[in-house]
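**Q** Quick one: structure below, then a few questions.
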Amino acid sequence: MLLRGCVLRNTEWCFGLVIFAGPDTKLMQNSGRTKFKRTSIDRLMNTLVLWIFGFLVCMGVILAIGNAIWEHEVGTHFQVYLPWDEAVDSAFFSGFLSFWSYIIILNTVVPISLYVRWREGGPSARLRWGPQYPGVPQPDLPLPCSVEVIRLGHSYFINWDKKMFCVKRQTPAEARTTTLNEELGQVEYIFSDKTGTLTQNIMVFNKCSIHGHSYGDMFDLLGHKAELGERPEPIDFSFNPLADNKFVFWDPSLLEAVKTGDPHTHEFFRLLSLCHTVMSEEKDEGELYYKAQSPDEGALVTAARNFGFVFRSRTPKTITVQELGSAITYQLLAILDFNNIRKRMSVIVRNPEGKIRLYCKGADTILLDRLHPSTHELLSATTDHLNEYAGEGLRTLVLAYKDLDEEYYEEWAVRRLQASLAQDSREDRLASVYEEVENDMMLLGATAIEDKLQQGVPETIALLTLANIKIWVLTGDKQETAVNIGYSCKMLTDDMTEVFIVTGHTVLEVREELRKAREKMLDASRTVVNGFPCQEQLSTSKLTSVLEAVAGEYALVINGHSLAHALEADMELEFLETACACKAVICCRVTPLQKAQVVELVKKYKKAVTLAIGDGANDVSMIKTAHIGVGISGQEGIQAVLASDYAFSQFKFLQRLLLVHGRWSYLRMCKFLCYFFYKNFAFTMVHFWFGFFCGFSAQTVYDQYFITLYNIVYTSLPVLAMGVFDQDVPEQRSMEYPKLYEPGQLNLLFNKREFFICIAQGIYTSVLMFFIPYGVFAEATRDDGTQLADYQSFAVTVATSLVIVVSVQIGLDTGYWTAINHFFIWGSLAVYFAILFAMHSNGLFDMFPNQFCFVGNAQNTLAQPAVWLTIVLTTVVCILPVVAFRFLKLSLKPDLSDTVRYTQLVRKKQKAQHRCLRRVGRTGSRRSGYAFSHQEGFGELIMSGKNMRLSSLALSGFTTRSSSSWIESLRRKKSDSAGSPSGTSDKPLKG
């Protein structure tokens, strides 16, 4: 609507001012463009409001034409005592004026009050802090009304939910916006990060491979691996006064290798103690505190610390390490920092003997291609260990080194300096220089870090899957690790028909692998469309519905380099159709930009609400792109939370957010809107019918005070109470029957069809509301035999009938009665009668004789039995069809929620009977990975030497901040309508 557009433009104007004035300017500029998110109901409402306005104009035209005809045919005969105004010189001009009069009278049919009510003072009103732009003030031009009040109530319910409160972190759930609550009840696709979202992001050094020898496994006397409960005591690190007491490792042979002076083992831990950007703080003698950029780095440096290679301190040019009790200071020559493209980090140091060496750690897919050919045999053994660690779901990292002679380093340092000072393409030039030196390295070994699943993740994913929500995992980890986590959290199961793995390096390879996957799915379902194989026409609606209805369960796993080809314009549809036919999708080794591109692809071609959930800075773009963004307040700071619409501490809370709060919010909003349109049309259309009996003179049926108070006092609070508190089933049943979530996905409760049904019911009510009293008053008399019919008595009768009918109707619509509902419904009726009698009382007449001149009219009218009989008859005739229809629907075609309520009622009866009776009786596969998806490192800041204390504090922030066949048929119908990609992205509506 126009008003909403004005608010948005003013908000963006204010946003622009704050960017240049605020202290967090750089953070806001680097966070990407913040999109104004709106729900599908909002977009539908804008369309419906335009339709209603068009309907209002049509009514005005009809009545204006009627006025012109009446004035020309009939009104001319009454010019003697009903003359036209001086400005009116013809019947046509009278009709023109009548048009605008009826537009004003009938304007209550347009639901402007549904959204906003202007605050006194307008643009000069105070600023408020807007949820869509965290930390940015927005102009408070409109005072939220109706819809916004309901949404605010739903947001408070989320914030107050004790079952979404994390005791360990003392963090409640937080609704950071009030505009998307009902969209939570319509989600079809969830895009989730892995590390820190599905897992705890608490890293533990578990195993390692050093020079072809694997450490970390314990074996019994028979040579079998010992389980955790069968293992002996962990290693005793008491020999090391600087050891971290929380660190646990089980294999004593690794410590023995360190103590015996194995050079490869020493070099392994020396690399871990030097190649990092960790900051160290020693508060007391021997008490070291590490502040790491990522949990992976902290775990690796801590492991080196416990095995005798203790990182003590650093300056911009040196690193001090205590190696087996001896303090050694290395000259730090360069830090080749980590980023999401390089996927590795290196340092170049000079030891006390003057030898220059490069130490490097990174993803195996990157580092193994940069090793010297002489390490072939060692590479084979290390690869086997990597595969073994991958099968256990551990996060892997490869370590390597390279010796540099003085002359080569001096030449390379000059090229690096020139690249760092370049005015254009600085990052690309630095990457090229880094690439040059990070080659022909010698392999040292590999590390394996464990990151356990969060509590409740498998159960949450299983429940959301039953609610027909598809979950896609977008992670920066290795394919094997992601697949292993997929099995651990029950996204992937051994019962699946097949798990397709796409690893092609070229466009043709990726296209062929996707084609084979579709062929296997279609062959399994033995489905042919019009006699031709379904895969021949990928963009057709029939192929979409066929693929999504294939027999069996499938999963798709795709690597980052393959995904880059799959997201190209000529292949994105093939990828999307294949992925959407699968029950689970896992995208590995993806960059933050690719995450956002995958979400945008689904938004573009599927009529579905998307939700993205993550915990780190690399998830911000994905969170902003999705319809709904959820931030996990975990180990990687609060960037994701700041960019999100909803935030909590654990992934398991997502099931309650969607299946309880989201479903209830959608149900409440839909019932509220349906009733709101019904009561407004029932109220307004009476004027339209009355126009045919008053010479189209724009005379109103009700008095001016009733028109003013109808939406503000008489009918506002009951519908707000229903919109805030209503439930169809209790929260336990919402979790027990996840299929209850599907009506929201299919947009069944409020759409164009439901809108027209509500309008039809309102018009039907208005017809009876006018013509039944009109027919009765034409012949009825008072108790004393005088004529009952007069304008004010008729107005009181119609108004009273209307208030009673809409009150009874909202009573029928209310599914969950609270004391507030009772108070508002019956209180509104009582307030109506109190105000009615007060306006026709002697007291107000004495004070305002020109305003309240119909003294005693209400008392005299409502004292007549014929009037009450008319009111009762009108109420029964208006309500009876609704009751009959709902009774037949419950009997012949009940919804799932109706069935659940009936089951709950039966259970209560059975429990009551049981208590009475008791009283009577008393008398597989490879999977692994390395997390490279955190943000770029702080190597440049460390080397610059600018305020080392400040950089330490900056790094510390990363660690201290805390159903039934009819539903299926509708779903297939919806898939058919969404098949043509060219027509889906422009439509704001679902279903």
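Glycine too: its Cβ is placed from the backbone N, Cα and C atoms.
Pulled these features from TrEMBL for this protein:
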- 641-894: domain 'P-type ATPase C-terminal' (DOMAIN)
- 963-991: region 'Disordered' (REGION)
- 48-70: transmembrane segment (TRANSMEM)
- 90-116: transmembrane segment (TRANSMEM)
- 672-693: transmembrane segment (TRANSMEM)
- 705-725: transmembrane segment (TRANSMEM)
- 755-774: transmembrane segment (TRANSMEM)
- 794-812: transmembrane segment (TRANSMEM)
- 824-845: transmembrane segment (TRANSMEM)
- 865-888: transmembrane segment (TRANSMEM)
**Q** May I ask for the residues of the chain that lie six or more residues beyond the transmembrane segment (824-845) and have a Cβ under 8 Å from a Cβ within it?
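**A** Non-local partners: 703, 705, 709, 713-715, 717-718, 720-721, 796, 799-800, 803-804, 807, 810-811, 814, 851-859.
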**Q** Should anything in the same chain at least six residues away from the transmembrane segment (865-888) have a Cβ under 8 Å from its Cβ atoms, list it; otherwise answer none.
**A** 761, 764-765, 768-769, 772-773, 776-777, 780-783, 788, 793, 796-797, 800-801, 804-805, 808-809, 812
**Q** Among 48-70, 90-116, 755-774, 794-812, which stretch has the highest count of C-beta pairs below 8 Å with the transmembrane segment (705-725)?
**A** 794-812
**Q** Could you please provide the mean pLDDT value for the domain 'P-type ATPase C-terminal' (641-894)?
**A** 91
**Q** Same chain, outside the transmembrane segment (90-116) by at least 6, Cβ under 8 Å from its Cβ: which residues?
**A** 1, 3-4, 45, 49, 52-53, 55-57, 59-61, 63-69, 71-72, 75-76, 84, 142-148, 673, 676-677, 680-681, 683-685, 687-688, 691, 696-698, 700, 707, 710-711
